[in-house]
Amino acid sequence: VVRRHLLQRYEHQPFISCLAGFYSCRWKRYQRRRTEPGKCCCKMVNELKITFCFSLIFLYMWGEAKNDYNNFDWYNYGNLGFWFLWSLVLLIVAAIVFMYITLLLVLAMCLLAEGQQLYLHWSHKIGTFLVLGFSITALFILSVLWGDQWKTVRLSFQITAPYLHIGAIAIMVLLSWPVALHAIRADKKVVQVIIVGPYLAILLFLFLIPLGMYSPCIREMGTLGPKPALIGHRGAPMLAPENTEMSFQKTIEHGGDGLETDVTISYDGVPFLMHDSSLRRTTNIKEVYPNDTAQNAALFSWDTLKELNAGTWFLKDKPFSCMGSLSRADQNQAMNQSIYKLSNFLRLADSQNKLVIFDLYRPPEKHPYRNSWINRTLEVILNESGIRPHLVLWLENDMRSFVHSVAPGFQQTMGSKAPVEDLLMDNIVKLNLAYTEMSSEDIRKYAEANITTNLYVVNEPWLFSLAWCSGAHSVTTNAVHTLKNLSQPLFLMTPQQYNIMWILTDLTSVLLISLIFAL
């Protein structure tokens, strides 16, 4: 009896030993104590499941938020005072913690399938709680400060849902093995039903979920509209310093259809291009005038502004994580960029027959042009630049009727949704909307009234594909050089193709699961 007990104790089980070693840091080779099927000997399994769900949600949410990483980094720059790619760091951390929890959960499922009791090592327990706390905290903070990203997640489902469905079915097929082993070892029918019942219920739900799925990219052949026009957001800010002549030239070189910018008026009445309220981020103001870094850009004279360098920061900070390497010639050109005047910008657009759209910032109080900012801007557009009026998409809502009276050739553009009747009354011919407000129904409704839709800022190919399938007329983007190469939307398929994919996935999964349970 003693010898049989010793032989059993030291029976060599390398697979189980390896699983238990990684999970509980117990590497000794002996017959471990088994648990009865249907009984979970470790509460940590449920906590692992909860942690897995939260970490998966955060990883998916942050992965789909890539379109707006620059906005996230810009927000942190405004609060911290220095530029860093925090968005990329957060993505890497999210991926690492998700893979860690996934590995622990897979190990736990394998050990349970082998009938082994679970003893999660204390270090893994601490790691699990840290991951759970990190995921919940990150989701909460992003929801409070950046709640619109949940709209991005909702939009992403219109593209990724068919493929997430296939992934979920694949996971259920993999889980069928431990579920089948655990159910077979159960002696009581009730326990078997408790194990298999929820599994089959979830599987049935996944089989039927495509019935309620919608995607504008699942459409009949020949119903896809033309490719949206591409408007360079501050030019081509992934290839050159934003709002500089080089940036707009890069947009033109890569076939952009329009140029977007931001207009501020200097203290002596010269409209120039600048997005931020201060000069700190995109010029060398800190080196030239260190005491004036926080001062509003509109409070400087043009003679001061034109002497500042507006390109060296681009090479130093590398504002986008997906920036490619610049040639030596481009680096030299970027280093010598200066602040761009509105009049020069308009002449460039007119010479290349490009549309222009811009946000016009009202000067601060006590500014000489505080109350005549629109009039001064119109003077530059109509009298100094010589741009053809139909190329101007006028976005500013103040004094719109006056602007239309003096410049009837402008394409009046509204920055928010409104009833069609109100838009037509204000002579609106285009809407300029955040991409989170994308709706194929609204786009179609406005198009029927000859009102086109521009969406901003669309950088990722999947989001551009969704805008294309939804019928958008144009998009404002940081990535003209990338989106110009798309010949058709990603994930485009006909309803027949999707039905075949759906049915084949379900039939294949049923066959595999049946074989696993039969074996």
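Quick reminder: no glycine exception, Cβ is built from N, Cα and C everywhere.
Residues annotated as domain 'GP-PDE' in TrEMBL: 228-487. Feature annotation from TrEMBL assigns transmembrane segment to 44-63, 83-114, 126-147, 159-181, 193-214.
Beyond the ends of the transmembrane segment (159-181), by six or more residues, the same chain brings 109-110, 112-114, 195-196, 199, 202-203, 206-207, 209-210, 213, 215, 217-218, 462, 465-466, 490-491, 493, 498, 501-502, 505-506, 509, 512-513, 516-517, 519 to within a C-beta distance below 8 angstroms of the stretch. Proximity of distant same-chain residues to the transmembrane segment (193-214), defined by a Cβ-Cβ separation under 8 Å and at least 6 residues beyond the stretch ends, is recorded for 37-38, 158, 161-162, 165, 168-169, 172, 175-176, 179, 182-183, 186, 498, 502, 506, 509, 513. Here the transmembrane segment (83-114) has Cβ contacts under 8 Å with residues 15-16, 19-20, 22-23, 35, 40, 42, 44-45, 48-49, 51-52, 55-56, 58-59, 62-63, 65-66, 69-70, 72-73, 76-77, 120, 124, 127-128, 131, 134-135, 138, 175, 177-178, 181-182, 281, 317-319, 321 of the same chain, all six or more residues outside its ends. Mean pLDDT, taken over the domain 'GP-PDE' (228-487), works out to 96 on the 0 to 100 scale.
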